[in-house]
Amino acid sequence: MTQPNDTTRCGLVAIVGRPNVGKSTLLNRLLGQKVSITSRKPQTTRHRILGIDTEGDYQAIYVDTPGLHSEEKSAMNRYMNRAASSSLAEVGLVLFVIEGTRWNDDDEMVLSKVKASGLPCYLIVNKMDKVDDKEAFMVHLQGLSEKYKFEHIIPISAKQGKMVDDIRELVAKSLPESEFFFPEDYITDRSSRFMAAEIIREKLMRFTGDELPYATTVEIEQFKLAENGVYRISGLILVERETQKRMIIGKGGKHLKTIGEHARKDMENLFDNKVFLEMWVKVKQGWADDERALRSLGYSDDS
Ligand SMILES: Nc1nc2c(ncn2[C@@H]2O[C@H](COP(=O)(O)OP(=O)(O)OP(=O)(O)O)[C@@H](O)[C@H]2O)c(=O)[nH]1
């Protein structure tokens, strides 16, 4: 936990590169395989947050910057964190990811954008585990080093996790002194849970409308990455009365099924992953006594 008087560092780091060079794999490694980082949430029109790495006194916010490469991905901004949106500074560093000894027109195009940005840049040469001819690679590396004033050229294997910690350390050191833009736990499993609950709540409201009791809450009881790569998400909808429960479930479970289908699609879009969603509805007991319900509303110290 950082204390108010501690000096903290925080900044935006763009990860760019043509498709398939291993950007997501690298990011997962940088963030320690946190489930939530696969969500691709937009921040502003210029930056999309890919993941936040907070440790000790630093916070590195990895972003996707559409202007820096050709790829365009559709983005959802409804779930944007409003508190953070206004204060985000500009990107201060670029990680330009390429692949082994391959260099093609797309890489060249990304490079031209990096050059135009004038930003400090680390060239990350990924998939080194596939490079057999080390001598040829050294020659290639020499050529690469002449293309731009890269601050560092770092050969890595994101898949094997090799050299990734070195990148993390260099990034951490390069960040400017600044307060954290996000709470320390932002974009962790818990945030993903929050997003999942928000999506279910949104669908409940959409398909139940004004009839939805105000006090209805959604709690994500399970959010885990199953071995088959699917997110298993269990959502519990808490209502106050049996009649409300029946209304949400609908005849033969039809209403809840519709809500679930729509929620699942939005989650897959947001988390960029297949989702298996289970939901059930429960009548809650005493309202104020229900610690879990309060937690889900954010009335607890650790939320
Ligand atoms: N051999 C090897 N394969 C890797 C490495 N890093 C990533 N890959 C593989 O390369 C493929 C693409 O990786 P991604 O991380 O999805 O690449 P990306 O750049 O995020 O791709 P886009 O999402 O299309 O932009 C996957 O099959 C990865 O398993 C590596 O270090 N070595």
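Each residue, glycine too, has its Cβ placed from N, Cα and C.
Unlike curated entries, TrEMBL annotations are predicted automatically.
These numbers come from a predicted model, not from an experiment.
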Labelled region 'G3' by TrEMBL, one stretch among 64-67, 132-135, 188-191, 300-303. Can you tell me which?
64-67
For the feature region 'G4' as recorded in TrEMBL, pick the matching range from 126-129, 174-177, 282-285.
126-129
Counting other Cβ atoms within 10 Å of each residue's Cβ, which of the binding-site residues Asn20, Thr65 comes out lowest?
Asn20
Residues outside the region 'G4' (126-129) whose C-beta sits under 8 Å from one of its C-beta atoms, at least 6 past its ends, are 21-22, 25-26, 97-100, 155-160, 162
Checked against DSSP, the composition of the region 'G1' (17-24) is 2 helix, 0 strand, 6 coil
Under a three-state DSSP reduction, the secondary structure at Thr65 (GTP binding site) is coil
